[in-house]
Amino acid sequence: MKRLAFPLSLTLATLAATTGLAQQSPFDMTPEKPAQESVPAPASPPQTAPSVDDPAQQTTPPQTGAAGAARPAVNAARRYLLSQPDIVLSGENALRSWAMYLTPEQAASPAKLNFGYQNAIVIAPEASRLKLSINGVIIVDTPVESTESVSRAVFDIPAGLLRPGYNDVRIEASQRHRTDCTIQSTYELWSEINPEATYIDFSEPEAGRWQRVDDLRAIGTTPTSETRFNFVVPGADQAISTTPVMRLASGLGLMAEMPNQSFSISRKEAPPAGPGLATVVIGTAGELEPLLGELPPGAEISPTSLVVDDSRFGPSTLVVTGPNWPAVENAVEALITPLKRPTSQRATMSTHTWRMPDPPMVFQYSRLKFSDLGVNTQEFSGRRFRTNFAVSVPSDFFANAYGQATVLLDAAYTPDVMPGSHIDIYVNGNIAATVPITTGGGEFLSHLPIPVTMRHFQPGYNIIELEAVLLTENDNVCAPGATGSTERRFVLFDTSELVMPNFARIAQRPNLSALSGTGSPYGLDEAHIPVIVDRTQPEALSSAATLLARLSIAAGRPISMDASVAPSAIGAQNAISVSTISQVPAGMLRQVGMPESMKTSWTENTGAEAAGANTETTLDEWQTRLRGSSWRGQISSFEEWLQRTFNVSLDTFRIFQGAEPEFVPNPGENFLLAQQQNPTGTGVWTVITAPTARMLEEGMRAMASQPNWREVAGRVTTYNNMSTVIRVTQPQDVALFETQPFSMRNYRRIMANWLSANAVAYSMALVVMSVLLGTATLILLNTLGRKD
Amino acid sequence: MLRFGLFLLWAFLGFCMLVLVTLPISLETQFITGMVVLIAMMILKLLGSEGNLRLIALAFGTAVVLRYAYWRTTSTLPPFNQLENFIPGFLLYLAEMYSVMMLALSLFVVSRPLPPRPSRRNANKRFPTVDVFIPTYNEDADLLANTMAAAKQMEYPADKLTVWLLDDGGTVQKRNSEKIIDANAAEQRFRDLQKLAADLDVRYLTRERNEHAKAGNMNNALDQSEGELIVIFDADHAPARDFLLETVSYFDDDPKLFLVQTPHFFLNPDPVERNLRTFEKMPSENEMFYGIIQRGLDKWDASFFCGSAAVLRRTALAETNGFSGVSITEDCETAVELHSRGWSSLYIDRPLIAGLQPATFASFIGQRSRWAQGMMQILRFRFPPLKRGLSLPQRLCYMSSTLFWLFPFPRAIFLVAPLCYLFFDLQIFTASGGEFMAYTLSYMLVNLMMQNYLYGAFRWPWISELYEYVQTVHLLPAVISVILNPRKPTFKVTAKDESIARSRLSEIAAPFFVIFFVLIIAVFVTIYRVYTEPFKADVTLVVGGWNLLNLIMAGCALGVVSERGEKAATRRVAVSRRCDFKLGDTWLQGTIENVSVNGARVNLIGAIPEGITIDDRAELRFKTHSDGNQGVLPVEIRNVERGGQNVVIGCRYHPEGAAHHKLVADLIFANSAQWTQFQLSRRGNPGLLRGTFWFLRLALYQTYRGLVYLGRAARDRGSDKSASMAESHL
């Protein structure tokens, strides 16, 4: 075992030979397949790991439940490390960190880390390193040299390092090009951590078994970095069952808080549990009796929730039951209660399962130190330095048009750095500030203020990326070995600060980005949001559960909802509808800006053709991203300069908003979220729909995954499952809705933002005011001083 | 009550405007708004720049200026922890805020200038006794003779009018000077002037010691005289005949009136006008002050005493024990004091005197230094903004008048600021190229348009800037010195009778050339940096453009300090008067076409005798306006132009006694209407665009002329040859 901790390269050959292309056959977890009676053990690759001298890897029969003998529990003793797919460390320096929940048994168990990655061929191994640390202790520290295929290695995790609860995982890369010293070349550097080959194996068998409900937090991910709760609800089609099931989904979703989690609801079956998969059985004792191997004791008498090893559903099955549905509901509420958040504002948003640290929630003027935002002092010897941090704003953030945050930068660069270098700041991937370095001879920047436009901020967390592009004479010459030079050029100090101003706060309707960012307006305490879901279709229920869990994470509390409200009784409330297009309650579709005729015209086939239609969208996206970015050439034309500098376009001169045009999906788009004010203007209705039940569930699952969910915005967001393109339609007509107690300052900022977005209105206001003031002055002057 | 309601409404609207302009709106909105306001102002301009639209246009401009001030304050100052940038950056900021504040004050002052009052010529019911004071220090007898003669000829009952010559050049102190030459000169002057005064029926007065300069001189005369009203004329300010008729009657209308001020009209160009040759076409510099600012001050009962061409009430002066002498601008100081005691003043917008102004650039600067230092002293010792007794509008008006003289500081800062960036790479103004376009450019354009709105016909574009720049170079040290030593400056009499025989560089021209060449170097640095540092070319271009503007101004100033040699030092005033002209022994009939203080141009009909040559003596006979009698004035022929039927003769007066001086005065100073006419002929608003092009052409030409003069000066010094520049056509 110790041997394997020696330089990875020694073991590479063997590893490649045994495990080479295993990742090409990942799990096929698609749940829409009809459940089979005898599900074979998932095609997991437990044996593919270098397990020759690892007895824990041997298939061990579970120690309880003879009927489950065929179902190995070992899968649960494996924890895939990555909480999200596509961990690609790109550029010269990169860092990912997140927190991983472990049960007490897992923490106590001896464990080994399996680590697999592949990297770009241009990376110079002698100058590049990849490090993985857990709880601050470096477990993996290797040159980056896996260009041919995924290289795997096993590392011991020192005893006592892991702790029950959350453990910090941190992967860092420092990468240099073999030959090229240009800025462009840094974009060619990447290492991809292989999710399927990177996991912790616990040798203690008990580590694979959950004992308490809280242990569900350790659900982890599948080898494809998904998390799935498989609900078995025999009474799913009963109206009384929906609310408790949805509440349980919200609660479990909030407990696990995995970035890429979804729910699947079935009446009878569940696929076998494993890493990233949990089975939850919920129903009255009477309903569960025929399904479970053994009913938990007391289920017929009182509300019961228990993690059991069931002979049919396997070990670590969560059973929530009671004598009747109200009792089941009590059991659910008892589970959820600890997750409830007091009404007070939260100080941070919870993102730690995929991104550390939790971004602070900013409601008003605040100065945030980089050190508190997870950015450490970093010295850098390459040419393109990058770091990022996140900060959250509330759902009623209304400063996109005028707002300006400030980065007070503490940094220094050496005399090697030539003028022409620059420091850029990106907000959610959009350029927001550029500071040219104009003086040679090195400089110490002490709290240099960099104004950062808030144009690209959105409710919820926002990723702010700081990039320093450093040009040097050495790089121009690019002598052999220059890329690997360790001479420090740039340092960023963690005393730098982000200054968030007081910003305008008022809710906008519709605003799907508030929904995705903070679950607004559905996240309010005890709101009992009517959720209309077609319970005859398990897919619709699954989608609703996935959505509510997602909303709960965004809101930071389980969504308080009521699925028993009839569509006609929604009235003036906030509401959500999850169903196939044909089942959307009457009138709701028109309210959210779509023709009722869509109920028949929007079918599975509408979108079958033409994935190519999205080329344009993609092109647009890229153009937006590249506009104004540094490495693009100077744009000479005045018009483009005007556009770039002032963002002036024909839209700017629009004074009167036209009526909101009806929305019709493009071909190929087969899932959508749409939002609009309700007819009385007292709430917001959100409709989630798709042409078919399968598309609804698939679309919801895709959109609920972390990176996609953040793109939900505007009044309609559509998803194309073929091209995976997400399209946002912005509203033309936005209603503003007060969220804060009246204050002049807030209103001043609201006016500033609204007028900034409506330039002509501002000009006109100024013209009118000038005329009034001029006239008043004229009249006043005629009464003052000497008369003519 | 109604007024209070109106004020509340105005204050409310003003508050709304303030709220609107201080919204932190986006750059894009600012850009569009700036354009919209500019276009609106242009349209209003096309509809007419006078009347009610004027105030609306000014409100537009105010909005943009306020937005600029807000942005400048909140977003452009360099960080405090970069002191090398912050200090110059903050100075520049202060300079700009000073400009904004001065703009606000001028807006207040000239928001609604009073229109000229109707003539009072025939409205006099009572003729109070009047003492006319003509203080003098070192002016020569001829000049004084003209002034005294003109004063004596003013239409007024003779028994109510006493003219006093107050000679400070012949005091006992001067006559007993330790320097024998000075003492003799003073003694001679004492005797000559006494005789001249006696001839003209003017009372000569001098005193023991030269204490408190001009103020002391006049206070001495106050003690000796007893007229109800006091009229002050500078030695070179000769009044028109209707001066008293137009002014005196106001004192009976308002018992609390202490001052009637009239404009100073000048017969000769100031050195800037002379060297740029703009005297005939462009309104003079002081016309902005007398043509519009004094009228604006008058609206607020704040027009102040300008030392001459004014009537004052003795009882008012008695309250302050005569003229105040703490500062070297006793006139304004006296006015502040009396305004604060509840007396009021009045301004009549009609030139009723004609005078001279300094001819050389050096004495021009000397005069301005006195004004600037005096105003600083008033600011220091009287501090009008907080002076008790002044009304709020009066405080603001005096603030505007005194603080104006701080302009050398911002001018100097504007000159140096771009160099900080170009030479030393200091970032004293943190803004991107786009922000500069959206805020600064629109602010500058609006500022120019507002100036044009306010002063269009009186001040052409860029001329204020030129005057301020040419004064700044020498005024800056003067103002600094008075700030450091407020009691040090002493009254110096401005010489106004110098003439420039030959073209030369002014003796104080050197700094202008140094500045010019430094700015030229900065232009090369700009070009160099644009090419070597393309990543900040936008900022470099903006700063370079600013520097170029300074360079244009500095180039134009080279022309200002290149003194043209000129024969006719004074302005000729067109007249049309029948006369007879005696050549040899024959009297020819003719018309006097124009006159100046030195001579006249006569158009004669009929054959003139042969053998007339330059320098020949002749006689000019005409009927005087004052008493209708014929008078004969000896002249000297200076040139002769023969036409077909007629001959035009230019001649110079040769006055030999008091009677002759009266005739000269009658010729030139009899009719004030002709001066008004001349002023009106120069007024006209060329507009911003045409004015700018005109100025650009002027500046280019003057730069060239300045450099040619410099070349000649260098050559002259080098070879020590006195190559005459008198013939220069430049």
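The backbone N, Cα and C atoms fix where each Cβ goes, glycine too.
Record features, source TrEMBL:
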- B:7-25: transmembrane segment (TRANSMEM)
- B:31-48: transmembrane segment (TRANSMEM)
- B:55-71: transmembrane segment (TRANSMEM)
- B:91-111: transmembrane segment (TRANSMEM)
- B:132-318: domain 'Glycosyltransferase 2-like' (DOMAIN)
- B:403-424: transmembrane segment (TRANSMEM)
- B:436-455: transmembrane segment (TRANSMEM)
- B:508-531: transmembrane segment (TRANSMEM)
- B:543-562: transmembrane segment (TRANSMEM)
- B:569-669: domain 'PilZ' (DOMAIN)
Long-range environment of the transmembrane segment (B:31-48) - Cβ separation under 8 angstroms, sequence gap at least 6:
25, 56-57, 60-61, 63-64, 67, 434, 437-439, 441-442, 445-446, 449, 452-453
Surrounding residues of the transmembrane segment (B:55-71) on its own chain - C-beta under 8 Å, 6+ positions past either end:
17-18, 20-22, 30, 33-34, 37-38, 40-41, 44-45, 49, 97, 100, 103, 107, 111-112, 435, 439-440, 442-443, 446-447, 449-450, 453-454
Using DSSP, how many residues in the domain 'PilZ' (B:569-669) fall into helix, strand and coil?
12 helix, 56 strand, 33 coil
Leading contact stretch, B:7-25, B:91-111, B:403-424, B:508-531, B:543-562 vs the transmembrane segment (B:436-455) - CB distance under 8 Å:
B:91-111
Is the transmembrane segment (B:7-25) close to the transmembrane segment (B:543-562), in the sense of at least 3 CB pairs under 8 angstroms with a sequence gap of 6 or more?
no
By a Cβ-Cβ criterion of under 8 Å, what residues six or more beyond either terminus of the transmembrane segment (B:508-531) are in contact with it?
361-362, 365, 415, 418-419, 422-423, 470, 473-474, 537, 540-541, 543-544, 547-548, 550-551, 554-555, 557-558, 560-562, 703, 706, 710
Using a Cβ cut-off under 8 Å, which residues of the same chain at least 6 positions beyond either end of the transmembrane segment (B:403-424) come close to it?
88, 91-92, 94-96, 98-99, 101-102, 105, 371-372, 375-376, 379, 468-469, 471-472, 475-476, 479, 515, 518-519, 522, 525-526, 529, 539-540, 543-544, 546-547, 550, 554
Could you tell me the mean pLDDT over the domain 'Glycosyltransferase 2-like' (B:132-318), as a whole number?
92
